[in-house]
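Here is what TrEMBL records for this protein:
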TRANSMEM  B:22-43  transmembrane segment
TRANSMEM  B:55-77  transmembrane segment
TRANSMEM  B:89-122  transmembrane segment
TRANSMEM  B:134-155  transmembrane segment
TRANSMEM  B:176-196  transmembrane segment
TRANSMEM  B:216-240  transmembrane segment
TRANSMEM  B:261-279  transmembrane segment
TRANSMEM  B:291-308  transmembrane segment
TRANSMEM  B:315-335  transmembrane segment
TRANSMEM  B:341-360  transmembrane segment
Amino acid sequence: MALDTNFHHGDSPKDAPPILEMRDIEKHFGNIIALAGVSFDVRLGECHCLLGDNGAGKSTFIKTMSGVHKPTKGTITIGGKPMNFSSPREAMEAGIATVFQDLAMIPLMSVTRNFFMGREPTKGVGPFKRLDVERMNEVTMTHMREMGINLRAPDQAVGTLSGGERQTVAIARAVYFGARVLILDEPTSALGVRQTSNVLATIDRVRKQGVGVVFISHNVRHAMAVGDRFTVLNRGKTLGTARRGEITAEELQDMMAGGQEMAQLEGSLGGTV
Amino acid sequence: MADTAQVIQDERLKKEGLGTRLLRRPELGAIAGFVLVTAFFLYTADGAMFTLSGILNFMTPAAQLGILAIGAAMLMIGGEFDLSIGSMVAFAGLIFGAGVVTLGLPLILAIPLTLMVAAGIGAINGSIVLKTGLPSFIVTLAFLFILRGASLVGLKLASNGSTQLRGIRDAVEGDWLAPLFSGDALGPLFVWLADIGLVETFSNGTPKVTGIPVEIIWFVVITLVATYVLLRTPFGNWIFASGGDRDAASNSGVPVRRVKISLFMFAACCGAIVAIITVMDAGSTDARRGFMKEFEAIIAAVIGGCLLTGGYGSAIGAFFGALIFGMVTIGLTYTDFDQDWFQVFLGGMLLIAVLFNNYIRKRVTGER
Ligand SMILES: Nc1ncnc2c1ncn2[C@@H]1O[C@H](COP(=O)(O)OP(=O)(O)OP(=O)(O)O)[C@@H](O)[C@H]1O
Ligand SMILES: [Mg+2]
């Protein structure tokens, strides 16, 4: 399946200033150096893929973008303004929405309540301000359907959903709330073929709407299908950023795995990887 | 939009019976238990238990416990415990008593003072739990002793060496706020009900039941407000989320710290309200007030469907949990059973409730 022919990549706006810019981010957990100076930026209307092996620091890095971790060193600017998020809530208010690798869902709560968790719409005024339950249910059902999943009922507990359905709720939620930047940490790891291409199409759609997308994946084909730029992380450092067209899938694959060993493995497996 | 939702029929969706849907409500177990216990006493107890005055007789202790149970339930749904709310009743009783007797404050100052002190201690409890990441169980266990001890010491100071502070009734006599926290409410209604023959009267024409004790009104109002907050406000959603999975909630933008600290403050204030009501009722306060009530409140919350692990439960459930409690404590005196069966019964109820809740949780989350 040649996914990369599905989407048109406009010239990624080369000289537009980045909406989100991370400079020399370091993150230490005690004596563990998870990030040793990573710089990265994303512009409105582009999809910037972040690639790297397990433990490279991808999740840690995007968590500093979304306000979960405070970077030990380095600066974050949004639209030119320096930011210092002290909670994910603040990052959200700045228009950043994230699909976390662990999805950040509460199994005991309904799909709708999970969808709007932290950003519930209300109706009424003053002390009579209450949840707008009908609207919440309707939006949830609509957006899940758009992603190719027909929910049985919006009040179904998330714990009863399949892994892929859960992932789809998390993606739909982030897309709905990602006003300026949408971060997806391996959003397709549990998805079937149809849902995966749905997610890739969704990334393409929100990018066209002018949102900056940060897309983390282990799958180079998926990254090549939608990415405008590619940054490879390895052991807490960037190996460099390439534009679309400047790099082939094979080269990316090799960079991710540290070149040599991958080539050998490929040989012994008969080129199936 | 609603139409399309109905047009798309999911062939993998079995029609859900009323029973299955009810089973998903956390308060179902407590309501079923309530019906069972009522049936048991209807069968075994003296008929006097279910006359109006008999009902108020067990509703009053149920309400005093129930106010605490609602506080405990909200906190449990938010994923935390407070073992200090029983001691808080004694401590808040001391603050209130000293306020009105020693300092001679009017209720309009003494009551907010008591509530503020309680909320402050709740906030300290919560902050320690959240700052350190220690289990709330252990932190509030420390406060169980600290507050109980402080109540004893404080009472001795306030009453020159005795462990009881008297004279509260005289001190609040005639205060315009007193009817809100003491005595019976809805008096005129009961006079009228007696007039039309719906309430029994003494031979001189005054009704045998002169009104509903205020704690019952407080209990019902707090239950309704708590239920509304839980089910119909964003804050309620945050409570469920914070208790369900702290990190997931926080990553989704829920201000978990604020939610949990507010819940600790609310639970402490529930203790203070019980203290104010019972102290005004008794006219004095002592250091044993609220003894062991923290456990009874948690048991009522668990019977009401709260999971010990947080994130699930209901205020209505805790309401019925407290009713069961009051009914069994008082009800046994109307029967031929030895009263000491009470604890056996309670332990049994708790065990059944926990097993039942565990089963329900597995169904709701579809644990595989
Ligand atoms: N809270 C933490 N405390 C200590 N070490 C951590 C913490 N979070 C991450 N690390 C470490 O930082 C490194 C990077 O982890 P991270 O989760 O960012 O990797 P990743 O690139 O997302 O990997 P994967 O592809 O498996 O998701 C790992 O070695 C991990 O052990
Ligand atoms: Mg990761």
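We number each residue from 1, going along the chain as drawn.
Positions of Cβ are set from backbone N, Cα and C atoms, glycine also.
If you count C-beta pairs under 8 angstroms between the transmembrane segment (B:291-308) and each of B:55-77, B:261-279, B:341-360, the highest count goes to B:55-77.
A Cβ distance under 8 Å defines the sequence-distant neighbours of the transmembrane segment (B:134-155), meaning residues of its chain 6+ beyond its ends; these are 80-84, 86-88, 90-91, 93-94, 98, 121, 125, 128, 162-165, 285-287, 289, 294. Within the chain, the transmembrane segment (B:176-196) has long-range Cβ neighbours (under 8 A, six or more residues past its boundaries) at 106-108, 111, 205-207, 209-214, 217, 276-277, 280-281. The transmembrane segment (B:22-43) makes contact with the transmembrane segment (B:315-335): 3 or more of their CB pairs lie within 8 A, with pairs spaced 6 or more apart in sequence. Between the transmembrane segment (B:89-122) and the transmembrane segment (B:315-335) there are fewer than 3 Cβ pairs closer than 8 Å, counting only pairs 6 or more residues apart in sequence, which means the two stretches are not in contact.
Ranking B:55-77, B:261-279, B:341-360 by CB pairs under 8 A with the transmembrane segment (B:216-240) puts B:55-77 at the top. No contact links the transmembrane segment (B:261-279) to the transmembrane segment (B:341-360), because fewer than 3 Cβ pairs that are 6 or more residues apart lie under 8 A.
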